[in-house]
Amino acid sequence: MQFLARNLVRRVSRTQVVSRNAYSTQTVRDIGQPTPASHPHLMAEGEVTPGIRIEEYIGRRKKLVELLPENSLAIISSAPVKMMTDVVPYTFRQDADYLYLTGCQQPGGVAVLSDERGLCMFMPESTPKDIAWEGEVAGVDAASEVFKADQAYPISKLPEILSDMIRHSSKVFHNVQSASQRYTNLDDFQNSASLGKVKTLSSLTHELRLIKSPAELKLMRESASIACQGLLKTMLHSKGFPDEGILSAQVEYECRVRGAQRMAFNPVVGGGSNASVIHYSRNDQRIKDGDLVLMDMGCELHGYVSDLTRTWPPCGKFSSVQEELYDLILQTNKECIKQCKPGTTIRQLNTYSTELLCDGLMKMGILKSRRLYHQLNPTSIGHYLGMDVHDSSAVGYDRPLQPGFVITIEPGVYIPSSFDCPERFQGIGIRIEDDVLITETGYEVLTGSMPKEIKHIETLLNNHCHDNSARTSPVSLCKVKGLHTNRNPRRLF
């Protein structure tokens, strides 16, 4: 079993490890994001972003143009830089539609797509001072040479050129969430909006993003693999470090050293009754001996995310009550995955999961009436997954699944401590979540390598050999260093 655990956490592909020997003395042009020349350990020739070739980006733009009504244009703005304080920015993450269509990972740009002009990109202009403080950015040359824009202009030209394009268009599509005042303040845009000519672009782009290409699926499998390895490694160390904050930090570390650029979202690490809070994110409490911990996490790899949840007892043993409730969630997870196939809808899967969970909760005496079920689980069984965690949100859950869709299956029960049920069940939250690819014949569980069977989890936790550092608990570290044990042990790490 120790061999199995080692094998599970060591399955790291070449894309998950940055080679320390890949370097060149040749001068490489910096465009503010990785290129095959600057990052040969990440990218092959012909790729605009790791794993995605220029031909795929051009194909995406062609498909979007085909969806646009005649004489229409689409305006796609890069994501804005969001500030933590007046001079400290939050880590930048690109708008998914802008990245999907251009491959540009940087802020400050606006892309315009139409049948007549093709892709027109308005790019940020940097001064020597900007470059000294923040480095190079992709400009007009990169737009033409790297992103293969049909036309490229500095952003200062946008008011003049885009106004003319809007005046001669019957409809204008854009995304409200990422809209930039660079164009929304233009008189011609506002006139079109007042005439009802401005439409939401996400209704079109989210359709395109639903079905993943082979290249996208390769990245999603890799992202899921990293998440599984990171979560398993964290689970194995939770016995020595039963602390929400430490486990949150560790899972991010484990994912990033395997190649992930960031977490897909702030991890949910809920110990004990905190697990009954669906999107709990404080992650600031010690986990009591005998309590369960629910960890909902995912990572992002080159623009594609994973989303994975497991619930386990850091002490290494499920209690009989925990096991009874966990088994209900596990069986619901497995039965719903079996129903994943072309033609099924997420709404149908949700109805099926509700029936299974209601039946089980009624038998256990937790529910006195089916009408109370949504107090214990107000969520859907799952959602679409891709470049965003809740991907293609403009597409409803009545859409029949097709090969190439990726969805989550995440049944759960969240019982508040105040809920009117047998006391032994109060304050327990359990969720088991997997990422599922819809195939021609059924499904593929992308997160299938992450253990979820009770006996498997218990055996892994109890047979895992900690190294000397992991064998020492935070409290004992306090004692060794002569510190008071009522101090926050995380200050030591």
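Each residue's number is its place along the chain shown, starting with 1.
Cβ coordinates are placed from backbone N, Cα and C, and glycine is handled just like the others.
Cross-referencing D291, D307, D327, D359 against the Mn(2+) 1 binding annotation in Swiss-Prot, which names H383, E410, E433, picks out D307.
All protein chains considered, the CB of D307 (Mn(2+) 2 binding site) has 28 other CB atoms within 10 Å. E433 (Mn(2+) 2 binding site) is 4 Å away from E410 (Mn(2+) 1 binding site) when you measure Cα to Cα. Close to D296 (Mn(2+) 2 binding site) in the fold, though at least 6 residues off in sequence, lie P267, V268, D307, L308, T309, R431, E433, each with a CB less than 8 Å from its CB. Other residues of the same chain near the Mn(2+) 2 site, with their Cβ within 8 Å of the Cβ centroid of D296, D307, E433, are V268, M297, G298, L308, T309, T408, E410, R431.
For the binding-site residues given as H383, E410, E433, the lowest number of other CB atoms within 10 Å of the residue's CB is seen at H383.
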